Amino acid sequence: MIAVLMGGNSAERAVSLKSGEAVYQALINQNINCFEFDWHGYNLSELWQQEFDQAFIVLHGRGGEDGYIQKQLENRCIRYTGSDSNASHNGIDKARTKIIWKQHNLTLAPSIVASIHKPIEPIDFPLPWMVKPTLEGSSIGISKVDSQIQLNNALMLAWQYNSHALIEQWIEGDEYTVAILGDKALPVVKIITDQGFYDYESKYHSNKIQYLCPCGLSSSQEQVLQVIALKAFFAINAKGWGRVDFIINQHNKPYLLEINTVPGMTSHSLVPMAAKAMGMSFNKLVVAIINEI
């Protein structure tokens with residue numbers, strides 16, 4: 001019996017519910033015994049009353065993607081999809097992820113962490129900047145800062161979600177994402193947005209976003225991204241499945257942006273799109289993720 005864990009109380013709850021419902025329907029379509037569990041982010045006593053031996057985690061953001069739910073399942077020897085508690089803890093924190101990636105000599109935009117509790121250190125890289133909460137996904141709470149005067153408002157927005165924000169040099173270029181399944185990188189997807197950057201509204205509510213798969217890169221360029229994505233994925237000890245986001249500047253230099261250890265599985269989501277490009281249906285993708293447990 002598989003428990004499909006969705007919901008949570010993070011800022012990504014609505015997305016998680018959509019992802020969870022899609023995964024649940026895929027399992028039902030294949031006559032796989034399962035049930036939905038909408039966790040509201042508090043105690044798990046109702047979950048432990050159910051009989052199940054595996055969990056498909058589609059809890060996005062804090063509580064589901066930060067190692068908490070993974071640790072609870074580990075303590076009960078219940079197998080689950082995706083990365084373990086330690087890798088999840090590393091992956092959700094953008095600042096921690098960057099430290100690990102730097103140790104592996106991966107290419108990143110310059111950045112600093114700004115805490116609500118202390119003065120901001122001098123920023124020694126040029127404008128514009130991207131400001132984002134360190135512990136949120138789906139581009140929630142992010143802002144582009146074009147002048148010093150805009151920084152305070154951007155930080156106040158990011159600090160609504162947690163007490164630390166990442167101030168990162170803005171890299172002008174094209175956005176790409178690489179889905180990973182097991183030890184393989186899936187076809188690269190290019191993201192074209194009219195918003196200036198790929199924010200929450202673009203991801204889940206806009207019909208003006210274009211996704212290209214094939215992505216338009218040469219086979220050698222695509223392979224470079226896939227190799228870097230796998231290095232980034234395994235650097236934080238991620239496993240099972242995930243997604244790594246990039247931007248390529250005007251000099252064709254790729255920069256890592258972030259990693260998602262529990263990516264979206266909605267109709268707009270990019271992992272299903274990449275899987276489809278290699279001939280894998282949504283139903284088969286769901287089973288493939290389970291098989292990586």
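Placed from the backbone N, Cα and C atoms, the Cβ positions cover glycine too.
Among the features that Swiss-Prot reports, domain 'ATP-grasp' is placed at 98-291, with the record citing sequence analysis. The annotation ATP binding site is assigned in Swiss-Prot to 124-177 on the grounds of sequence analysis. According to Swiss-Prot, the feature Mg(2+) 1 binding site maps to D245, E258. The Mg(2+) 2 binding site annotation in Swiss-Prot covers E258, N260.
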Please tell me which one of the binding-site residues listed here (D245, E258, N260) sits closest to V131 (ATP binding site), measuring Cα to Cα? E258
Fill in the CA-CA distance, D245 (Mg(2+) 1 binding site) to W159 (ATP binding site), as an integer in Å. 23
Using a 10 Å radius on the Cβ of N152 (ATP binding site), the other Cβ atoms enclosed count 11
Could you tell me which of these binding-site residues, D124, D245, has the fewest other Cβ atoms within 10 Å of its Cβ? D124
I'm trying to understand the geometry here, so how far is the Cα atom of N260 (Mg(2+) 2 binding site) from the Cα atom of D124 (ATP binding site), in Å to the nearest whole number? 28
Students should find that the Cβ of N260 (Mg(2+) 2 binding site) has, within 10 Å, a number of other Cβ atoms equal to 23
Using all protein chains in view, find how many other C-beta atoms are within 10 Å of the C-beta of E258 (Mg(2+) 1 binding site). 20
Across all protein chains shown, the one of the binding-site residues V145, L166 with the most other Cβ atoms within 10 Å of its Cβ is L166
If you count Cβ atoms within 10 Å of the Cβ of W159 (ATP binding site), leaving out that atom itself, what do you get? 18
Cβ-Cβ under 8 Å from G173 (ATP binding site), same chain, 6 or more residues apart: which ones? I247, I248, N249, Q250, Y255
Could you round the CA separation between V145 (ATP binding site) and E258 (Mg(2+) 1 binding site) to a whole angstrom and send it over? 19
